[in-house]
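K.L.:
Let me give you the structure first, and then I'll get to my questions.
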Amino acid sequence: MVQRLTEFDTIAAISTPLGEGGISIVRVSGEDAVAIVNRLFKGKDLEKVPSHTINYGHIVDPATGQVIDEVMASVMLAPKTFTKEDIVEINCHGGIVVTNDILQLLLANGARMADPGEFTKRAFVNGRIDLTQAESVMDIIRAKTDKARQVAVKQLSGGLLTEIRALRQEILDVLANVEVNIDYPEYDEEEVTAQKLLACAEAVSGKIDRLLETAQEGQILRNGLKTAIVGRPNVGKSSLLNYLTQSDKAIVTDVAGTTRDTLEEFVSVKGVPLELIDTAGIHHTEDQVEKIGVERSKKAIAQADLILLLLDGSQELTEEDRQLLELTAGKKRIIVLNKTDLGQKLTAAEIAKESGSEVISTSIMMKENLDELEALIKKLFFKGIENSNDQVLVTNQRQAGLLAKAKQQLADVASGLEAGMPVDLVQIDFTGAWESLGEITGDSAPDELINDLFSQFCLGK
């Protein structure tokens, strides 16, 4: 478990993306944050200003007296800050040179360059947030839809933390009772204690199940669905990509083989984030460039969470169509019967019967039934959970894996009791479940896990 400490060196980093813009923010956190910035700041004495104030002045190189930039310095004193340390944020003009010059001056005057995610790590170590809230910080930054942002904000406010700590408390209450009975066996009725253990294990396991039921939806909102748009050449793949992205990223022509590679784009479809991959048409070709595109398309199909398979409804099924139906069998897919405006030689009913998949008839060029296609994508992966703003979702594999581990440990408790094992032996798995749940929030997480998690954060956060 990571020790709760407040004695760190002072760190600095640029918190805004590098490049030209209105402003850049350089963040400084630590015991000497105010003193270090004050050495460079010409204006009010920052060591005497009230907390949570914004102060106008200039950053000046103390070695040369050169003015670097006109800035606003926000002073926030511990403990009412993100890291629970003293923080100064320097708002300077946006630009690579000026921002880096200010950072280098801070480093030359006593600050250390922050590691990726170190500000958030300090917030965790100092007890400001738990691990689920730390993860939600990056989820907010990376959110690709409004719903993903809402879920991340809910988690940042402690939604999952509250649920997990309540489960741990249920286990702890029973563990305390077991410990007393082990210490004072003359007062123990082992059958009664075993019944309490079993009842608690079943109750907590049921609540874990309800959380795990949200894991698919939560991880889709967080990571998006890899969605491959496939079909033989010139059936409308690029037209569908352009409709969903509202762009002309893919070249649309009547020439087969126009898309020679895979094109990727992130879009929100009814609140579901899709990583759309427009694949090259899969067909026999002697063109070496097209061959590479076809192989990449097959790889994209293998890795996809969802397949949008386009067929030309104005023509009979070709051998290439049948190969694609076979290649995508077993994957979650929607068959899009395109070009209904040209007359139909294929019907949705017969394709659905032959393929066992959902089928939508449409004319992408005429924008017919495309809203129904979007609704079907949402229906395939969501069960109404995403419509509730109050629902707590499990949003990543780490959380889901630890919940599953705790559930298995509780199942071992139940099977052990049913097999007649002594309570003090069964208690080991019961304590294990309590610790597994604690790893989710960081209450009992090993240092290696903590360091690995925060290393994935961006610099300056």
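Heads up, the Cβ atoms here are built off N, Cα and C, so glycines get one too.
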K.L.:
Could you look at ARG27, ARG39, ARG168, ARG398 and say which one Swiss-Prot places alongside GLU89, ARG128, LYS461 in the (6S)-5-formyl-5,6,7,8-tetrahydrofolate site?
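P.N.:
Candidate listed by Swiss-Prot for the same site: ARG27.
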K.L.:
Of the binding-site residues ARG27, ARG128, LYS461, which one has its Cα closest to the Cα of ASN234 (K(+) binding site)?
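P.N.:
Closest candidate to ASN234 (K(+) binding site), judged by Cα separation, is LYS461.
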K.L.:
By CA-CA distance, flag whichever of ARG27, GLU89, ARG128, LYS461 among the binding-site residues is nearest to LYS237 (GTP binding site).
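P.N.:
Nearest candidate: LYS461.
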K.L.:
Counting across all protein chains present, how many other Cβ atoms fall within 10 Å of the Cβ of LYS461 ((6S)-5-formyl-5,6,7,8-tetrahydrofolate binding site)?
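P.N.:
Cβ-Cβ neighbours of LYS461 ((6S)-5-formyl-5,6,7,8-tetrahydrofolate binding site) within 10 Å number 20.
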K.L.:
If you count Cβ atoms within 10 Å of the Cβ of ASN234 (K(+) binding site), leaving out that atom itself, what do you get?
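P.N.:
Around ASN234 (K(+) binding site), other Cβ atoms within 10 Å: 20.
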K.L.:
Cα distance, SER238 (Mg(2+) binding site) to LYS461 ((6S)-5-formyl-5,6,7,8-tetrahydrofolate binding site), nearest Å?
P.N.:
38
